[in-house]
């Protein structure tokens, strides 16, 4: 599913949600094979469109997954109290700017620690099966969550400028 945006002065960007099981590193590599990168989220409209496209892919492939997107935890923000939520992550895709795309439910970004994987340093968008239903962890469809980059999800969103 391909979605394009031209709103808010952003140059046209093509985004596609793919089914494929893997870590954030796997997802980034899969995007590179398509001449793209994991995409960031410029604003709430883009986040909603990615979540809705992911819902279709998710439901066609067994459900229960979130979708990997671009984003890296800032080095100066390793745990929750270190930074305000919208200052915790930065975009690395080369075409997303600002913080208008972030939507954090509940206690997110939590910065949970795992002895093996350390802090949650990557991003996903929660996807629910249908309107009115909640995504993983009881979070709303289209909301964001910090995740361990080594966690395995079954979808990823790649973005690139049209050729």
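Don't overthink the numbers, they just go from 1 along the chain as shown.
Quick reminder: no glycine exception, Cβ is built from N, Cα and C everywhere.
Note: TrEMBL annotation is automatic and uncurated.
As written in TrEMBL, here are the features:
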type	residues	note
DOMAIN	10-137	domain 'C-type lectin'
Could you give me the DSSP helix, strand and coil counts for the domain 'C-type lectin' (10-137)?
35 helix, 28 strand, 65 coil
Mean predicted confidence [pLDDT] for the domain 'C-type lectin' (10-137):
93
